[in-house]
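*Asks:* Quick one: this structure, given as structure tokens, is what I'll be asking you about.
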């Protein structure tokens, strides 16, 4: 059967009373039951469930399907472990520490994540973006200039590489430890949602910009030159310039090739972090914590969606936090997950975190037995390995074209993130990029789409009249596509006036002007009438004092006879001419019977939003137009209650659960039972129709 035959219109009938908010509460028997804070606390600290969720290994390892997963995890772990070797040493160059510390960073953190992590497929360990961020910290706090020692000649100096590297290792380990503490704290307070501020365009542009930083940082190893290093804003430009100058001005034809150097056998004992340095790296550590978590959780969710399991965002923060904080004690630098290693882990049959543990054992064997075989490896080879691993990030420039077609705002975020991160250091670039991304959201809430809704005939469906041209006589339904808060409250009112064609402010102002003008005219007329009355009274008194001999003026003779001349009264005119003022052309419009505000998109109300709705209700009411609200979420109603919106005169009877209820109330009243027929596509009954 064809699709259009399946999508047959199914009529259905609903017969009920029109319900306002109070009526809905009565019919639905609304419950005021709430879980107490004490019960919530008991549930949160229940020991067994809390401990098992904190250590996921205890949950999944006892149920590990050995026959199905063991071979795949073994092959995958060995393959990924082999990848860890060159990548760990290469990324150590980005962190400006000796290559062997990249191997340490590929061992300790992986074992910690194996115990506490929830993603089955990501490969945690060294990562180019994290390494270059570490390198910016180590080179800023321990520049080469601080380790220059006098040479044999009077004017010569030499670099104390051993002391410099030792200081940089201490700095890298300390900032890694602090970033792990940040991640651990954020995880414990269940702050995993912080990654929502890192949109996909922002993350992809940031990693692309970081890749540019990485490429530039490896130029010295590729060309065998040693330009002066810079840090801070615009450091990338200064590196580039120094590299070109050094390359062009150096006339040597042969260079001494730098190699990896000494790789000590065995493992190092833990070392306490340098507490004195913590104050100078708080911002860098927080940036590392956010970026590392953002990349790991993004990739983890991709694999979780593909293979139908769940990744706990808060537990991932805890796992990464423990990996970095404990790893920092063993002179490791900050880790995240690598797309290339993760893809290899999945493609070679990896099914669980066991593959990661096996890859760590491969690194352990290298550290204990065969590390010395790689001591003569040229650093230029490691730089080449980095270039190859970055090719995927450089392909992300294609995002600009696709985003231009789909969402130009996201494209602007992508481009600005790239520019800001390239011009500034990765940490400053990240902060500026997040701020810019949030600003785009704020601007979009300030510029929503406003429309007047009309009813699709025979249904309870309401669409913008500019698209369907089905206005309801005497009723205006105003809809905004965004929430209502302090940043767009004024624009909400302006759009309401524009769309309804009723500028209440001008209308009330004109009304007040007319009232004031009428009062002035009446006062002036009354004053004039009073003056004329006094004048007539004087004339009457004067006439009464003069003798009158008219035979027909009986009343005059009677007054004179009785001596009541001074008691003569003169009645002032009762009717004062009405003051008519012509209509104001700006406000001369037919007022609607009612205005319905559709608040279904509004998910919260601040004090300004509540005040705005209160003023709208009051001002339109003074102009003779009744205002109703529909689609209010529970939080919105609670905000209105707390903001003293309701009182004895304004009750919840002006709130309706749907636009249709509000329209029917305006048309026929709440007391009458309304029957309406709805025509709709009912997917749940397609099978019955077919």
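Using the three backbone atoms N, Cα and C, a Cβ is placed for every residue, glycine included.
On a predicted model such as this, the values are computed, not experimentally measured, just so you know.
According to TrEMBL:
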TRANSMEM  44-61  transmembrane segment
TRANSMEM  89-116  transmembrane segment
TRANSMEM  171-193  transmembrane segment
TRANSMEM  205-223  transmembrane segment
TRANSMEM  230-249  transmembrane segment
TRANSMEM  285-305  transmembrane segment
TRANSMEM  317-341  transmembrane segment
TRANSMEM  353-370  transmembrane segment
TRANSMEM  414-443  transmembrane segment
DOMAIN    465-666  domain 'STAS'
COMPBIAS  525-537  compositional bias 'Basic residues'
COMPBIAS  538-551  compositional bias 'Basic and acidic residues'
COMPBIAS  552-561  compositional bias 'Acidic residues'
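Looking at the shown structure, what environment does each listed feature sit in?
*Replies:* Within the same chain, residues 54-57, 124-128, 131-132, 134-135, 138-139, 165, 168-169, 172, 214, 217-218, 221, 260-264, 267-268, 315, 318-320, 322-324, 326-327, 330-333, 335, 353-354, 356-357, 359-360, 363-364, 366-367, 371, 374, 377, 379, 382-383, 385-386, 389 sit at least 6 positions outside the transmembrane segment (89-116) and bring their C-beta atoms closer than 8 Å to a C-beta of that stretch.
Within its own chain, the transmembrane segment (171-193) is flanked in space by residues 95-97, 101, 134, 137-138, 141-142, 271, 273-274, 277-278, 281-282, 284-286, 288-289, 292-293, 297, 312-318, 320-334, which lie at least six positions past its ends and keep a Cβ under 8 Å from the stretch.
For the transmembrane segment (317-341), the list of distant contacts is 54, 80, 83-84, 87, 92, 95, 97, 101-102, 104-105, 108-110, 112-113, 116-119, 122-127, 129-131, 133-134, 169, 172-188, 191-192, 267-268, 270-273, 288-289, 291-293, 295-296, 299-300, 389, 392: same-chain residues at least six beyond its ends, Cβ to Cβ under 8 Å.
Same-chain residues lying 6+ beyond the ends of the transmembrane segment (353-370) with a Cβ under 8 Å from its Cβ atoms: 57, 60, 64, 69-70, 72-74, 76-78, 80-82, 84-85, 88, 103-104, 106-107, 110-111, 113-114, 117, 119-120, 123-125, 265-267, 345.
Over the domain 'STAS' (465-666), the average per-residue pLDDT in this prediction is 77.
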